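S.K.: First the structure, which I've put down as structure tokens, then a few questions once you've had a look.
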């Protein structure tokens, strides 16, 4: 009977003959016995070698791959390992086959959770060894469970799982986002693009009459490297016809509720909260607020303009604003997680985020206090006014920031809000989901001043703002919605434009002329002219969604073979040069290496 290394957690195999395969995780050689902790994906089982197998067993090293046949037996009372699920049983080996030897691993493969780990560069270079660790394997299995739950949910709701092309037309001119391009050997001088999203093809699926589509899609983005990004990633992509945004949001909430029930074994409240984009910016400083804590941004420009604190007052005189946030911190008590050193770090963080600094105070004896005290003294005339406006209580921390640029100010303070809120850790709920709705269709490019889509050029404007399309297109709001979890955007979608003339008009507002539209998206506009239904959808970044559910920051831990922070492969070193001869012969290309 063949078993896995996790099967001996129950007594049903006791006294039975079994065969088992695995890796020698730990080898302990005694005078008359050899003990092996044999590991596989399912667990660890202790193997005991005695008598005629001793000489062969003494040749074993760590991570050797072996096959053992033997008899299951109970361990003696003093030998039971309560920390192992299989710790009550062991296998007395009757035969041993060494399938493969192993070099000494570059790092120790340790099973204990939280054990010391080597540098990530080394771990990810030998990712195939790293994944033998239970903690690393658990993350990949967690991802798999979530994807299985997602698939089953959409199958149960009569969605078709479809595959859209990976070699597609490059639409850089229309999207403004860089795509990876792939040269064609057959059509020399011409290129495919790799999809940043199945966007256009899922819309074409709706026009085909395939009214419920989903896909676990691989997508690619040639962006500048960032710590939280990967050049290739996986997303849940879906589209549906003859439904509105409320149907799509309700569908996603039901899907997530099922994931929580089946995978996390927890309950979450539905429906999720909603905030308009404008309201989210005003109250929390960004469009993905962490609502596990409710610390809102309060405008204190009027109050600070009356103080003697010139650091802020002078900025206000020059047209700037002052905003503040109150945090329930129990400052000055042994229970407080906030101290002077931490707040000094926040001052430096504020500078990193583009501000001149940060003013922080605390409430003691119903008065504002500061270190140094002269800051609070300069605000003494507005003491009660500020405390009342912020609803501050004893031990609360108050941060006040100011800048001429309101967008910079809000962005910086929103980041500080999240860092301080997480540090304090007084969460109203473990998982806080939020829908952010009604985004502007367009925003101004900071460099060119041109109107560019805030999301993509396919978002349907709302019925009450489409009237501005000719006179003030920047005032149009879109039927767009983002899904936020604990301050992290995990998904976004919209209702799509299904009118070909409206789609053409949106592209022209972006600055594309008829020729550019023809070259980039004429095939979509033509398809829309053959009776396109009302349709909309959403995409969830699965890597980030899974990591956030697992309360982990690094999405790479949930990707089988991730890239590094420079978008290079840890394993094979790609990207790598291609010979000039091949480029010339196959693609008629020449690289200027100057």
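Just so you know, glycine gets a Cβ as well, placed from its N, Cα and C.
No curator has checked TrEMBL annotations; they are predicted automatically.
Computed from a predicted structure; not experimentally measured.
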S.K.: Of the ranges 195-198, 199-202, 203-206, 207-210, which one does TrEMBL list as region 'Aspartate'?
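M.R.: It is 199-202 that TrEMBL describes as region 'Aspartate'.
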S.K.: If one measures from the C-alpha of residue 496 (L-aspartate binding site) to the C-alpha of residue 223 (ATP binding site), what distance in angstrom results, rounded to a whole number?
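M.R.: Each residue's Cα considered, residue 496 (L-aspartate binding site) and residue 223 (ATP binding site) end up 25 Å apart.
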S.K.: Looking only at the region 'Aspartate' (199-202), how are its residues distributed among DSSP helix, strand and coil?
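M.R.: In the region 'Aspartate' (199-202), the DSSP-based counts are 4 helix, 0 strand, 0 coil.
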S.K.: Below 8 Å Cβ to Cβ and six or more residues apart, same chain only. Which residues does that give for residue 221 (ATP binding site)?
M.R.: 177, 178, 179, 180, 196, 229, 231, 233
S.K.: For the region 'Aspartate' (199-202), would you mind checking the mean pLDDT of the predicted model?
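M.R.: PLDDT averaged over the stretch: 96.
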S.K.: Out of 455, 544, which of the binding-site residues has the smallest number of neighbouring Cβ atoms within 10 Å?
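M.R.: Result for the binding-site residues 455, 544: minimum number of other Cβ atoms within 10 Å at 455.
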S.K.: With a 10 Å radius around each C-beta, find which of these binding-site residues (223, 489) has the fewest other C-beta atoms nearby.
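M.R.: Relative to the other binding-site residues in 223, 489, 223 has the fewest Cβ atoms within 10 Å.
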S.K.: Quick one: of the binding-site residues 489, 542, 544, which has its CA closest to the CA of residue 455 (L-aspartate binding site)?
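M.R.: For residue 455 (L-aspartate binding site), the spatially nearest of the binding-site residues is 489.
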S.K.: Looking at the recorded positions 30, 496, which one has the fewest other Cβ atoms within 10 Å of its own Cβ?
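M.R.: Comparing Cβ neighbours within 10 Å for the recorded positions 30, 496, 30 has the fewest.
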